[in-house]
Amino acid sequence: FRSLNHDMTLPEFKFIWYMEYSHRMWGRVVGLAYLLPAAYFWRRGCLSRPLKGRVLALCGLVCFQGLLGWYMVKSGLEERPDSYDIPRVSQYRLAAHLGSALVLYSASLWTGLSLLLPQHKLPETKQLFRLRQYAHGTTALIFLTALSGAFVAGLDAGLVYNSFPKMGERWIPDDLLAFSPTLRNIFENPTTVQFDHRILGIASVTAVTALYLFSRRIPLPRRTRMAVTSLLAVACMQ
């Protein structure tokens, strides 16, 4: 307010305050939703030894996620007397916070489905092995694309170019490698960050489409086929 947002009103401040407050409270509710049932089922002896290790890892990840969120927000509150830029959190910490959340969500979903749904016993054919490998590679690509989106958000890189598929009048912008050393551009140049996110997004949709087409050539259980089809639908919608 002192250095930049002189015209902010009290209702406008309350809006962003309650957004942050709600996010924190929701995070704490999620933590309790993990920790309390985990303690209950552990005490009742309902958890097998392998499951205990997984539950401990998930609970630790929940606590780490909260700590990482505090560390991220802290970066947005550090005052720099020589800077009058828009206050924002570190894009590195934002990406770490998002990445940790995605790992926590994926591990939780995987654990829940492993307990709820019986595992299919399929013959280990060469095609099935390749499909599994390709699915893991596609997962990694989607994860990387999501992390690149955190860099876009952290740097407000989405405001640099608003045209697609070209960026302005060019396929490859002039200022793509404006920063020195070159590696800095990938993480700190808004133009490069947006460019990378576009390329990764297109690559992710392409990989999901290829995964779907490849899966059609293999006899798979109905549940697996539904999962691959749903993945393609969600990728196109995204």
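Glycine residues also receive a Cβ, built from the backbone N, Cα and C atoms like all the rest.
The transmembrane segment annotation in TrEMBL covers 25-43 (among others). Sequence-remote contacts of a segment are chain residues at least 6 beyond its ends whose Cβ falls under 8 Å from one of its Cβ atoms, and for the transmembrane segment (25-43) they are 52, 55, 58-59, 62-63, 65-66, 69.
Under the heading transmembrane segment, TrEMBL lists 55-73 (among others).
Summarising the annotation, TrEMBL assigns transmembrane segment to 93-117 (among others).
Residues or ranges marked as transmembrane segment by TrEMBL: 138-161 (among others).
Annotation comment: TrEMBL describes 197-215 (among others) as transmembrane segment.
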Chain residues outside the transmembrane segment (197-215) and at least six past its termini with a C-beta under 8 angstroms from it: 130-131, 134-135, 137-138, 141-142, 144-145, 148-149, 151-152, 157, 164-165, 167, 224-225, 228-229, 231-232, 235-236, 238
Sequence-remote partners of the transmembrane segment (93-117) [C-beta within less than 8 Å, at least six residues beyond its ends]: 54, 57-58, 61-62, 64-65, 68-69, 71-72, 75, 143, 146-147, 149-151, 153-154, 223
Sequence-remote partners of the transmembrane segment (55-73) [C-beta within less than 8 Å, at least six residues beyond its ends]: 20, 24, 27-28, 30-31, 34-35, 38, 41-42, 47, 89-90, 93-94, 96-97, 100-101, 103-104, 107-108, 111
